[in-house]
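Structure record follows, encoded as structure tokens.
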Amino acid sequence: MKSPAPSRPQKMALIPACIFLCFAALSVQAEETSVTPQPPDILLGPLFNDVQNAKLFPDPKTFADAVPNSYPLMILADYRMQQNQSGFDLRHFVNVNFTLPKEGEKYVPPEGQSLREHIDGLWPVLTRSTENTEKWDSLLPLPKPYVVPGGRFREVYYWDSYFTMLGLAESGHWDKVADMVANFAHEIDTYGHIPNGNRSYYLSRSQPPFFALMVELLAQHEGDAALKQYLPQMQKEYAYWMDGVENLQAGQQEKRVVKLQDGTLLNRYWDDRDTPRPESWVEDIATAKSNPNRPATEIYRDLRSAAASGWDFSSRWMDNPQQLNTLRTTSIVPVDLNSLMFKMEKILSRASKAAGDNAMANQYETLANARQKGIEKYLWNDQQGWYADYDLKSHKVRNQLTAAALFPLYVNAAAKDRASKMATATKTHLLQPGGLNTTSVKSGQQWDAPNGWAPLQWVATEGLQNYGQKEVAMDISWHFLTNVQHTYDREKKLMEKYDVSTTGTGGGGGEYPLQDGFGWTNGVTLKMLDLICPKEQPCDNVPATRPLSESTTQPLKQKEAEPTP
């Protein structure tokens, strides 16, 4: 079956209709076979609320991760009987009735390790195995071992894992890559989608959809067999993201799908629940109370949906960058998400062809082509000269430049002339001494200036290289690696995020202290080390001078700073 010509839109519409009906069936099948564990705020009701509001623990995630020692209903009944008694001690009650998460052992690396040796030594430290969990544990079991980010993040996270897996592959740990792909496929088969992380309280949302890219990565080692093996799960994930599309009218939205007035289909981030997040309970309640002009449930949904984006939180989602309570994630069509959906459609087409289903391959290709046109039409700001998010309320592309603008280049969805403009905008507005800024706005949120994040550095580097912008790509990698190296030289750690306004300093902002470990930084650092150093002369540390330079970029001086405690 040949893909219909672009000049005949009436037939193009028939193909998506057919394919979406198939996906609707897949989605229903996933829901019917799934077992959905209840999150702790539902299991424990008023007890959960009271413990979190009492701020018994510095990190609210601690109690969200605590395991009840008996049936939650029995614990709740005991609490109701005891809570008004004289001398009742809530902390003692929690200690008796729950097993609190243990602090991970402090990893002390051997003296004299290079950056590469340190990362290679961290893989077993960050590996977890949870084939079985306690009945009421919020942790969801997975059949294979997996690598966690580190620090307070004791579970596997969806989009983090892709960049971690890049590093595992670079280290030759293809068995771990295969294990993690198998785990995510298991989650799709069990829950109908890949949750934010393997916790019951993350099941109501997903994260940036990298599963198809993970399968594509595994196919580099296993060939088309990997594509064919995981085609059913990729189709199910696509069904999850497109759930509800068959009933949409022009100008409507349903869950994660948006249908614009001209019929263009795009996606947004969404969480199925509209309550405070268990892992950030008190903070979310305070945010909602701080804006009485909006329904609390609306704010909760937008907070949760921002967590689904991975960018929690950023001025990108807010009307007022200084007020988190003005975020409205669900009314924004993100450029990075739709780039990933385009890539998913392209990989689904490739996998279908590998499986011998050329008709289905053509249908996915048609969907990818339509989405690419939508990206170019709605997610490009011609006045500013960069890709940006689309605002469903104003019906306009937004003006803000963020590092997400590089995603169309990363997935090869950008027009060549626009890629050139993106290179100029990136170098002019986002490139800093220590890497790529997330945005140019200083809001105090962690996904804003001056923070830089490893996954965004890699997306920008690869995206610019895809379009021949090698000098800007090399500048980004070199600046970020220098930052990582300077921090490592002083702290002997790799950080979750970095201050890119200088070098040698971890990032700030956000709802929790800076975390070290750190899965995706490890992965991106290895990829960048192998990018800037020739294969015949691999480097274990960042070189003192910028390799392969055709620009005037000079080695960066290390910032004098005190070690973080």
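Using N, Cα and C of the backbone, Cβ positions are placed for all residues, glycine too.
Since this is a predicted model, take the numbers as computed values, not measurements.
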(request) Match it up for me: which of 426-453, 538-565 does Swiss-Prot list as region 'Disordered'? (result) 538-565
(message) At a 10 Å cut-off from the C-beta of Gly310 (substrate binding site), count the other C-beta atoms across all protein chains.
(response) 23
(request) Rounded to the nearest Å, what's the C-alpha distance separating Gln207 (substrate binding site) and Asp312 (active site, proton donor/acceptor)? Just drop the number here, would you? (result) 11
(message) Just to verify a number: CA distance, Gly310 (substrate binding site) to Glu496 (active site, proton donor/acceptor), in angstrom, no decimals.
(response) 13
(request) Determine, to the nearest whole angstrom, how far the Cα atom of Asp160 (substrate binding site) is from the Cα atom of Glu496 (active site, proton donor/acceptor). (result) 10
(request) Report, as a single number, how many Cβ atoms besides its own are within 10 Å of the Cβ of Arg152 (substrate binding site). (result) 18
